[in-house]
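Only one structure is covered here, and it is reproduced in the block below.
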Amino acid sequence: MAGNDWINSYLEAILDVGPGLDDAKSSLLLRERGRFSPTRYFVEEVITGFDETDLHRSWVRAQATRSPQERNTRLENMCWRIWNLARQKKQLENEEAQRKTKRRMELERGRREATADMSEDLSEGEKDISAHGDSTRPRLPRINSLDAMETWISQQKEKKLYLVLISLHGLIRGENMELGRDSDTGGQVKYVVELARALGSMPGVYRVDLLTRQVSSPDVDWSYGEPTEMLNPRDSNGFDDDDDEMGESSGAYIVRIPFGPRDKYIAKEELWPYIPEFVDGALNHIVQMSKVLGEQIGSGETVWPVAIHGHYADAGDSAALLSGGLNVPMLLTGHSLGRDKLEQLLKQGRMSKDDINNTYKIMRRIEAEELSLDASEIVITSTRQEIEEQWHLYDGFDPVLERKLRARMKRGVSCYGRFMPRMVVIPPGMEFNHIVPHEGDMDGETEETEEHPTSPDPPIWAEIMRFFSKPRKPMILALARPDPKKNITTLVKAFGECRPLRELANLTLIMGNRDGIDEMSSTSSSVLLSVLKLIDQYDLYGQVAYPKHHKQADVPEIYRLAAKTKGVFINPAFIEPFGLTLIEAAAHGLPMVATKNGGPVDIQRVLDNGLLVDPHEQQSIATALLKLVADKQLWTKCQQNGLKNIHLYSWPEHSKTYLSRIASSRQRQPQWQRSSDEGLDNQEPESPSDSLRDIKDISLNLEVLVRPEKRVKTLKILGLMTKANSRMLLCSWSNGVHKMLRKARFSDKVDQASSKYPAFRRRKLIYVIAVDGDYEDGLFDIVRRIFDAAGKEKIEGSIGFILSTSYSMPEIQNYLLSKGFNLHDFDAYICNSGSELYYSSLNSEESNIIADSDYHSHIEYRWGGEGLRRTLLRWAASITEKNGENEEQVITEDEEVSTGYCFAFKIKNQNKVPPTKELRKSMRIQALRCHVIYCQNGSKMNVIPVLASRSQALRYLYVRWGVELSKMVVFVGECGDTDYEGLLGGVHKTVILKGVSNTALRSLHANRSYPLSHVVSLDSPNIGEVSKGCSSSEIQSIVTKLSKA
């Protein structure tokens, strides 16, 4: 067949085994095996390129076949399979190249458009900053002396900070961590525990909570089911805090929040549907703890967290929602990034993008990381490489644009609504107090100290030594779980193929803990089996140790053993985000050989204690190991360098830099907390009518409050207003109203009249009606059925109602009155897709509704304002241009219902409008942060603040007014607006009304990046369904059932 000659030639070589290659030309592997075999050569080349274990199995079966004809047929079939695999890989490479080209063009276009708004005052100073890159990056001085540290401590002692860290997956506990037990319980677990412990010991920090998942499964230790665990401080920071100053709730704690299946330990890829449940549980803990701390250290004022720090994508997603719900700053550490993993998997060519998404939930993970970038004040990375080669893959971060925006902010110049998180490199810390490197080696006895004159060898030493026939040889140590990305098999190949290295050294592989290979995960067992086969293949018995078990307390002793033998630590991972084990090894006096991809580059730059290698080149790995093992002078120099510079990676150093970054970031907290009802304590209690009359005078005229454009229209008629500045007046007037409203805000004081609180605070149950669609299409009939289902409890007032919708308040008012409803039928109105919040007045003498004057300050974080609006208008015009010059405007601004925090647009043809993910991507590339929602059967689009939504509005009601989320029952249709998924999950009850949706609503979700099952678990006991027809009795029945769950 044409184009297949290369397959035929290989096939002929395999079937007709000829003389071997010259020794000088053949690889060391082939020379050691003896006679050259094209069969083996061909298969090895394919395995090297594709890592396809199935091909190797096919080859083994073909070799075992006795019949020549059958053998040849199998070999031929194998070659055709390889050819197909090669074609698939080529196709994936072409698709990847096209994707990269498209992204590069999008990025360049986004930069141009973002710069266009800022071009009129772009200065040479900004250009200099862009050119010099990091030269302007302020660098905090490192603490290199005890005096400097003591000075810093004295400055911090008066502070009493509350910090929240989040790390969801894996098994987390303070002592005897089971690192390596599975792929989720690795370096991140150790890092977050030690970070929490270190921060809890810092002056100025009162309490640190590390939030994680509570696991009450019989498959794991009981300790993971304990709600709270205090982290005992280490005596390693040198701080002399007086114990008398420590309060009742001070210190560092692991707090385990129950969410997801109560009796199962599940992998991180399966946690995504349960994130909303965690957020609600965490929100409850933080609010309650903030109140407790307020009583202890805040003079009765709530002490909110100074920051919420999410670790990895799942915790980042959670931290973003918590940050929005509480209005406090968020920090992010990615640890391992989804886009980078996707790139690596696509390069391997073994899986399609759909397969990758199904296996790793990669698109859900990437969107969580993008949202985390939207919400984060600071992104903490371990290395510059993580910023330059990994974070730059994301729509929400552009290093070039970030430098421009930072320069403008320093000069006090407008950024036109654009925001970019600050990337900060803070290497992880380590405890060094208990590390005492041995001075002796295995060739001579170590000098006995006075403190330990006859100290016995640790048991783990004997466990390792039993593998070796010559245990005194230098030990090459690798400590990593059996994961393909850790590249352990290449290390074993390098060791096995290099005879001089085998003669000089032993190899120790600490690959986590295991009982039986069959009990391991398929991936881990596959790696371990490959290692065992390679040991057998190269006959490495007596030269390689691979113990089955070790404790976390044994790890320092393993490092000491390797250093005692004058060995080398190696990390051959394809990519290492940081490389904490490299720092641990250096602290124990071990030189290193490490991958040149990732964090080890920065570690080597600081410590200068080893060599970097290409992890794909096994020859270079073998050469580097041999060089360090054979050259004792080089070994000694690397050891001394590592020990001399290791203090730069201490936990006090890390924590000081960490806290300094938080202090320099923009601080925010709930609006009512800062104002805290000034002056109320010195005033006489107001009567209900007086308290509401002040608010009425300012805002209870609905036509003025919600539709200030009428005022502008009047001014235009009088010739006093131009079109150019009308929008600016609207925004400033709206802000002025809300500032005035703050003077008449609801009081938090319990001794005030009950009428100052929204009515829903008195309810035993709250029905939230969030059914989407067209209000003229019978949706109000459903509202009546829900009212009827509440029955006498509605009349008695034990059940309250909240209407949650994409419509504006004037539209809702018109619809309600036209359908015979009263505005007092609902206690609250969540309008404009969650960007507006109103309450029913409790005094019949007053007007109907009251705006929550604190809500806008709660959701305005990173709101682009007029700069965002202008960009959206340009985007709308570009949609029309793409459809032809004669085409009518596809999408137009709806000024009638737009507000200061919701830009509304009319869509005339939804088939010509791209999905929401494309618009959000375009805005992110231009550093504009927003939440885009297609609503009202696709006829409207609302653009609101990035952390605002209808589900977040419910969390606000809990934080602001103490309304328990578990008391809420949210009613939704079978489908809804594009924010529909956020309403389903959480601790509240959800009732899905089957049949309440239409084709238009379903089409809004047709272009999702991931299925609904990656967002919410419809099997949750908090979710129930009512069959098509939705009778009042059925609704009442399902609510009763859910309440008992």
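Keep in mind that glycine also has a Cβ here, set from the backbone N, Cα and C atoms.
Long-range neighbours of the compositional bias 'Basic and acidic residues' (93-115) within the same chain, counting only residues 6 or more positions beyond its ends whose Cβ lies under 8 Å from a Cβ of the stretch, are 122, 343, 346-347, 349, 398, 400-401, 404, 418, 871, 874, 921-922, 925-927. Look at Swiss-Prot and you will find 93-115 (among others) tagged as compositional bias 'Basic and acidic residues'.
Under the heading compositional bias 'Basic and acidic residues', Swiss-Prot lists 124-137 (among others).
Feature annotation from Swiss-Prot assigns compositional bias 'Low complexity' to 664-674. Among residues of the same chain six or more beyond the compositional bias 'Low complexity' (664-674), those with a C-beta under 8 A of the stretch's C-beta atoms are 301-302, 304, 306-307, 326-329, 377-378, 422, 742, 745, 748, 854, 857-858, 861, 959-960.
If you look up Swiss-Prot, you'll see 93-141 (among others) marked as region 'Disordered'.
Residues or ranges marked as region 'Disordered' by Swiss-Prot: 222-243 (among others).
Look at Swiss-Prot and you will find 662-692 (among others) tagged as region 'Disordered'.
As a summary of secondary structure, the compositional bias 'Basic and acidic residues' (93-115) carries 23 helix, 0 strand, 0 coil according to DSSP. Across the compositional bias 'Low complexity' (664-674), DSSP helix (H, G, I), strand (E, B) and coil residues number 5 helix, 0 strand, 6 coil.
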